[in-house]
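Listed in TrEMBL:
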| type | residues | note |
| --- | --- | --- |
| DOMAIN | A:11-45 | domain 'CheC-like protein' |
| DOMAIN | A:111-145 | domain 'CheC-like protein' |
């Protein structure tokens with residue numbers, strides 16, 4: 001695909017700014033929900049092969065809780081909100097007051113529902129900020145929640161891309177609770193994986209053709 | 001993901017984090033060689049890029065694996081197969097025609113095997129769970145590990 005070969009630093013900078021605006025809005029939403037201060041890391045934008053993509057989600061076999069949604073509209077793509085196992089359990093506890101083990105067969109329905117709703121709110125906040133910033137229409141599908149191996153989960157977001165090539169451009173943003181004791185801090189990771197045909201439109205809208 | 005390899009006993013073949021992808025093992029009972037492919041998409045006619053990575057698709061990957069095994073002394077008529085994966089990790093009704101890709105991958109792999117007269121001795125496919133698989137060439141056992149449903153051997 002030509003877009004992969006024509007990517008310049010200026011393009012990556014533009015995607016980084018877009019990710020920052022999206023995740024910033026999501027962090028505000030999470031902060032209001034938890035009544036806690038949430039810190040946002042500067043997004044990293046990388047061109048990765050599929051193996052590397054699994055690695056940045058925590059490793060092929062690492063158990064994660066992931067909300068996944070498809071974005072339709074002018075700039076289609078896939079989006080993930082990923083929590084490592086302990087983080088998902090901590091968040092489920094904060095939201096429902098129940099201690100849960102998310103890989104237990106009988107995942108508490110209330111906890112699952114809270115995590116699903118969280119994914120819904122955060123992904124919606126991310127995308128609406130991104131759509132405003134780019135002026136492009138982006139409609140999220142209803143998120144689907146899965147608790148499983150990171151490799152198995154991430155591959156679902158690579159299918160559209162894999163038809164056209166062997167690399168993905170990922171906008172990876174980490175946000176974490178601003179806690180004194182960093183070991184208790186909740187942090188989550190957003191991945192936005194635009195479909196190949198979305199890049200031209202995103203770059204054009206950001207003035208970096 | 002989207003690759004294949006061969007190995008000789010006592011080595012084991014392993015691939016991890018299979019979701020909608022399908023892991024296929026091809027072996028000949030009594031021989032110490034086997035191959036494992038980690039297939040991502042059902043058919044190379046789906047490819048829209050200029051360069052085609054053959055290991056990604058069921059048809060082209062298996063064609064290459066079979067050619068390699070033949071070269072290494074396997075008899076195609078005596079080959080057997082085991083497969084796992086092909087799950088549907090997320091359920092979607094909108095925004096992607098990729099939601100049934102797991103079952104389609106399994107079907108495509110089985111169709112290619114059938115064309116080549118290779119029997120499927122065992123399979124653990126479908127569902128909505130990730131799988132990590134490991135094949136012991138010595139006794140033709142395929143070990144399958146999942147997060148929620150523990151381990152099985154087929």
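Glycine is no exception: its Cβ is also placed from the backbone N, Cα and C atoms.
Within its own chain, the domain 'CheC-like protein' (A:111-145) is flanked in space by residues 18, 21-26, 28-30, 33, 65-75, 79, 81, 83, 88, 91-92, 95-96, 98, 100, 102, 188, 190, 192, 201-202, 205-206, which lie at least six positions past its ends and keep a Cβ under 8 Å from the stretch. Here the domain 'CheC-like protein' (A:111-145) is broken down by DSSP into helix, strand and coil counts: 24 helix, 5 strand, 6 coil. Across the domain 'CheC-like protein' (A:11-45), the DSSP tally of helix, strand and coil residues reads 24 helix, 5 strand, 6 coil.
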